[in-house]
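What Swiss-Prot says about this protein:
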- Met1: N-acetylmethionine (MOD_RES)
- 1-497: topological domain 'Cytoplasmic' (TOPO_DOM)
- Ile335: site 'Important for substrate specificity' (SITE)
- Cys374: site 'Important for catalytic activity' (SITE)
- Ser383: phosphoserine (MOD_RES)
- Cys406: S-8alpha-FAD cysteine (MOD_RES)
Amino acid sequence: MESLQKTSDAGQMFDVVVIGGGISGLSAAKLLAEHEVNVLVLEARERVGGRTYTVRNEHVDYVDVGGAYVGPTQNRILRLSKQLGLETYKVNVNERLVHYVKGKTYPFRGAFPPVWNPIAYLDYNNLWRTMDNMGKEIPADAPWEAPHAVEWDKMTMKDLIEKICWTKTARQFASLFVNINVTSEPHEVSALWFLWYVKQCGGTTRIFSITNGGQERKFVGGSGQVSERIMQLLGDRVKLRSPVTYVDQSSENITVETLNRELYECRYVISAIPPTLTAKIHFRPELPSERNQLIQRLPMGAVIKCMMYYKEAFWKKKDYCGCMIIEDEEAPISITLDDTKPDGSLPAIMGFILARKADRLAKVHKDIRKRKICELYAKVLGSQEALHPVHYEEKNWCQEQYSGGCYTAYFPPGIMTQYGRVIRQPVGRIYFAGTETATQWSGYMEGAVEAGERAAREVLNALGKLSAKDIWIQEPEAEDVPAVEITPSFWERNLPSVSGLLKIVGFSTSITALWFVMYRFRLLSRS
């Protein structure tokens, strides 16, 4: 691709200033520059990428310590990365996955661990079916308008799980499902928001799956290259170490000021940072009350991403692929994936320390976390080789002042219906991007691209360069990564829930008892 570079300095007039040099902000800037709009990106850190970050050193070659995964139906990030010359590779699932629960290891294949207890199976099946059916009622672009929005928004996911699930095993796995997908606790998040989140990621199976799901692939060379290559195209239109502290749109032109006292003038602003981080910026005039309230009410999830490197992929000797789903309160890690390079070099296991565990384990030394993780892997995989890594990398996203956490912001109960509708609403000449504002794969790189390009098209419309009907556009399917439709089986659709089974049994028992009484009465009458 040809360079989009254009000289820019403080004091120069720009058409658009983008706040935030993550994938969302940079995809917005790229689209604007392609339409010959004079754009400047102001990034607070010494690097671009935001919540994606590829670390490079002699021990790991490269490693994604932030957002990394892409898969079918994530067509915008796949199209953008292809334009930038990046390739993907599939995360290894050739061997068996592992489910560790109640101190035992159970190998399996597929998206979810199998359940052998028939009552528990009915409970699990009803859980996924109910969540997906509830999600179908929720508009992806306006969850606050769902028919049961107010009712579901008053509930936490803990409330909903307890309402749906009869068995302890299903309740525990459902809680883990929340931890893994949104790095927060079931009692912290709105049921409406979580059901919407799963729905806009394609449903319970798509969001949780590796094959044909959200974790199917990674980028050769790391996901950080997406932002780095856009930065190369934009050249000095991207300013690093420039945290924005002040936005004044009270005059004809907007004034943007950074922490190091640089001033920039522009016609429009795109904010492409997590909603809560806009509280670090002073606005003139003040933000509308709903927007001001919203940004104070969207906490970030908590996660420490951990990569353990080994001399060889010893887990493959046992026909394990490296993916572990771990149900154990004392275990630091809740889920792992193979993080070996696509050519088989640098064998590694990636694991997430999630939610409450991230808070707890952030308080101990890195060496203690490393030891606890190795001991866990040795126990789950049944191999002492897990105790002898050759290198360890980790990233605690809760320490990042310009992210505040990962993967995404979440909505506590009551916030979506009260304030959610303003999340994408412009404030004067300020427009909002960031993965939290997306309607498909929000929380992922795909959502970041959708939001950035949508905000850019909103500005292009304001500049008279684009029709309003072209702001929201459908993305064609990526030919290189086709999606296979996920269709529930006949039994998955029609098996009763545990409560349904009890009703059937109760009804059958009543009919049998009635028949028996009538039969006996007939015999007595004849005698």
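Every residue, even glycine, has its Cβ placed from backbone N, Cα and C.
Here the C-alpha separation of Ile335 (site 'Important for substrate specificity') and Cys374 (site 'Important for catalytic activity') works out to 14 Å. Listed in sequence order, the residues of the same chain lying 6 or more apart from Cys374 (site 'Important for catalytic activity') and placing their CB within less than 8 Å of its CB are Met308, Ala386, Leu387, His388, Pro389. Between the listed recorded positions, namely Ile335, Cys406, the fewest other CB atoms within 10 angstroms of a CB are found at Ile335. Counting every protein chain shown, the Cβ of the residue listed as 'phosphoserine' has 15 other Cβ atoms within 10 Å. The secondary structure of Cys374 (site 'Important for catalytic activity'), as reduced to three states from DSSP, is helical. Distance between Cα atoms for the residue listed as 'phosphoserine' and the residue listed as 'S-8alpha-FAD cysteine': 31 Å, as a whole number. According to its DSSP assignment, Ile335 (site 'Important for substrate specificity') is in a strand.
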